[in-house]
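The block underneath contains the structure these notes are about, expressed in structure tokens.
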Amino acid sequence: MAEAHQAVAFQFTVTPDGIDLRLSHEALRQIYLSGLHSWKKKFIRFKNGIITGVYPASPSSWLIVVVGVMTTMYAKIDPSLGIIAKINRTLETANCMSSQTKNVVSGVLFGTGLWVALIVTMRYSLKVLLSYHGWMFTEHGKMSRATKIWMGMVKIFSGRKPMLYSFQTSLPRLPVPAVKDTVNRYLQSVRPLMKEEDFKRMTALAQDFAVGLGPRLQWYLKLKSWWATNYVSDWWEEYIYLRGRGPLMVNSNYYAMDLLYILPTHIQAARAGNAIHAILLYRRKLDREEIKPIRLLGSTIPLCSAQWERMFNTSRIPGEETDTIQHMRDSKHIVVYHRGRYFKVWLYHDGRLLKPREMEQQMQRILDNTSEPQPGEARLAALTAGDRVPWARCRQAYFGRGKNKQSLDAVEKAAFFVTLDETEEGYRSEDPDTSMDSYAKSLLHGRCYDRWFDKSFTFVVFKNGKMGLNAEHSWADAPIVAHLWEYVMSIDSLQLGYAEDGHCKGDINPNIPYPTRLQWDIPGECQEVIETSLNTANLLANDVDFHSFPFVAFGKGIIKKCRTSPDAFVQLALQLAHYKDMGKFCLTYEASMTRLFREGRTETVRSCTTESCDFVRAMVDPAQTVEQRLKLFKLASEKHQHMYRLAMTGSGIDRHLFCLYVVSKYLAVESPFLKEVLSEPWRLSTSQTPQQQVELFDLENNPEYVSSGGGFGPVADDGYGVSYILVGENLINFHISSKFSCPETDSHRFGRHLKEAMTDIITLFGLSSNSKK
């Protein structure tokens, strides 16, 4: 164990001749390089803090302003309207300065004050400009002169070369809608789903709330919105995510898949080496705030970047009543799971990141390790897959001291978690349905004990070289993880690449210490809890009916020819498919985002509208003409786009009602209206995965590098979860989930109805997959 000896910086022994002191120069060198690395990161954070703190100005602009002020002073011009003279008189009390020094100090102080005032003015002006959302409601492709002038003003006040968090202080706060507006929009959303007598009863409850308890709750909510940076996000994180006592696996965590058709190497360790290195390059860019903030409308309107902060070095810690999120400023290791064993792998050597070939070497060492799991070790992660309360109690009882605490700390404080899976997964052209379904289920839950579901994300590499992610949901939403994942897939295949033999490029380094086995001492009582959690998780995992498939008949390229939003098109297809599948309409959830506002997360678009129901009925009514159906489609798609825009601009329904409900609980008052609203099940939960957030390659020039997207488990026991990604111009990937235990649902049947619905709608426009119109 030479590497163990190298880890000891010095040793001493007492002999009859005195103390024998031995120094390990290599260990001392590594300690020095590690300390140097830490100080470099601290300096970069300090520098970035200054740059972000003065944005949209720059530190160098301070010198320009001060020099300008001093120049005018020496030209006998007073730019301060007497302020410099007042500062000078104040400095006369300090007898240690000459008259010339006082003039210089006065000029510098005034220049600094003027510079700060300019920064505040620019920042506030940008916030006012970004509070305008009229551009969102203009017809696509038609921009008014006023909007163009507004865009020009935004660009002027946005500064140059923004860093990731540069716009945070300039983003407006999420507005609180009027209670009556939210109530009216809610009633409009449930009108097509309720019988007449039920709707009358709900209308009475809603109107009573709007004039009675609602305004009182609204007053407290507005008070919070003035004090907090976002009146929704902290409560959403706590009450929707962290206070949930059920399993995270399937119910909350979601997954991301690899490239659909491309497999750059079949060597598991090589794929892991390249991808882990790419992930760490992304983390370095994140630490340095070099990731470009996402901007809409031609890279003009910034979105909030707050969710990036906890991407790495983060773990969800179980509690009996509520979980907490533990985030470390830095982590220099990852933990790798393989064949029931846990290994700690250091990410740095000689003060630098391990190169891809060196990381491959470390992964291969783990794969070649023939040691057996310790008692209770193999299925330990099942604790993170089961109910939260048993895991919290078990953690407190058995992991609070000794080697168990040290090993658990290593897992929870790791940069992220890695699983070297023993199975082969991925798309197979000879059996696309079975292969994609198996791939999705493996990433969603695996064997229930080979992913650490509490980590911000678990990176999974399969035996054949395919890879994927399983992400915990509380710390951020899917678009943030999708941004990382796009970067990793791009860097892995198109920049790092592989040698002809499939290995990572570069050379191995025999001087790098071997990965370290984590040591556990898991008593029998704890192993019983592990088995109980595993049984709970297995029941949940085995109940998931998953169907993932690429829809290749057409994509958004042809949908655009219909002069409608591709998202609206897919949502109406989902409504038609659900009606064909179930023979009825249901409350539908589509995830939108509120990141136009500071610390914004998500909002719900209620996609099942009166207009969409009219369109679906027309589609299944043979008496309706194509012209009538097209007219209803246009009305339904326009209504959907309007609802989506309202959600994005802070005028959604569900987050406002949720926060009013939380206030009512704090005040210990009951609201029959809010109680009924928040108990309504979402039997169709949908989400679109964003694509091409990272400008590293062009899909038109690299059409084979298409992503499979990602998915999630069913939200309701008797409903469907549907995720979709519009890839390039010619492909849409769908991920459909439901539960076998529900006799009414069938994911494959829904998939067939969805394909039919997509084809039926495109046929209305006289278009097809081979259309040249």
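From the backbone N, Cα and C atoms, a Cβ is placed for every residue, glycine too.
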Among ranges 48-73, 204-229, 464-489, 646-671, whichever one Swiss-Prot labels transmembrane segment:
48-73
Give me the DSSP three-state residue breakdown of the topological domain 'Mitochondrial intermembrane' (74-102), ordered helix, strand, coil.
14 helix, 0 strand, 15 coil
Counting only residues 6+ away from its ends, which parts of the chain sit with a Cβ under 8 Å from the topological domain 'Mitochondrial intermembrane' (74-102)?
68, 109-110, 114
Among Gly555, Lys556, Gly557, Ile558, Ile559, Lys560, Lys561, Cys562, Arg563, Thr564, Ser565, Pro566, Asp567, listed as contacts of CoA, what is the widest Cα spread in Å, to the nearest whole number?
14
Coarse DSSP state, helix versus strand versus coil, of His473 (active site, proton acceptor):
coil
What other residues of this chain sit with their CB within 8 A of the center of the CB atoms of Gly555, Lys556, Gly557, Ile558, Ile559, Lys560, Lys561, Cys562, Arg563, Thr564, Ser565, Pro566, Asp567, the recorded CoA site?
Phe569
From the Cα of Tyr589 (3'-nitrotyrosine) across to the Cα of Thr602 ((R)-carnitine binding site), what is the distance in angstrom?
11
Residue pair His473 (active site, proton acceptor), Ile559 (CoA binding site) - Cα distance, angstrom, rounded:
31
Pairwise CA distance, Gly555 (CoA binding site) versus Ser747 (phosphoserine), rounded so that it is a whole Å:
21
Once the DSSP letters are reduced so that anything not helix or strand counts as coil, what is Arg563 (CoA binding site)?
coil
